[in-house]
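Per TrEMBL, the feature domain 'Blue (type 1) copper' maps to 1-77. Among the features that TrEMBL reports, Cu cation binding site is placed at 25, 63, 66, 71.
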Ligand SMILES: [Cu+2]
């Protein structure tokens, strides 16, 4: 019930491909957990999804069925981390909030 790797740092314009290795999961942006001007995504269950992120900042995402179990991930695009506080303040279920806090410690 985890994304692997759950933290990624990429350059603006890079593409991330979410590949399902197990059934019953998706990847979608967490509301308000992306930089201003950034584009979110919403993958379908069991389907691969490819996202190209151009706006610099932090993008928090979740697996919808397992959000409550803490299945979340974080992508840092470039060096602008000014939306970190917004991600810390986003409303997440307790286990997801704990996991996101761990992932935010990898930002740099
Ligand atoms: Cu899942």
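Heads up, the Cβ atoms here are built off N, Cα and C, so glycines get one too.
Recorded features from TrEMBL, shown on the structure.
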{"residue": "25", "record": "Cu cation binding site", "DSSP (3 states)": "coil"}
{"residue": "63", "record": "Cu cation binding site", "DSSP (3 states)": "coil"}
{"residue": "71", "record": "Cu cation binding site", "DSSP (3 states)": "coil"}
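The Cβ of residue 71 (Cu cation binding site) has 22 other Cβ atoms within 10 Å, all protein chains considered. Between the candidate binding-site residues, 25, 66, the densest Cβ environment within 10 Å is the one around 25. Within 8 Å of the centroid of the Cβ atoms of 25, 63, 66, 71, where the record puts Cu cation, the same chain has further Cβ atoms from 1, 2, 3, 24, 26, 62, 64, 65, 67, 69. The domain 'Blue (type 1) copper' (1-77): residue composition by secondary structure is 6 helix, 27 strand, 44 coil, according to DSSP.
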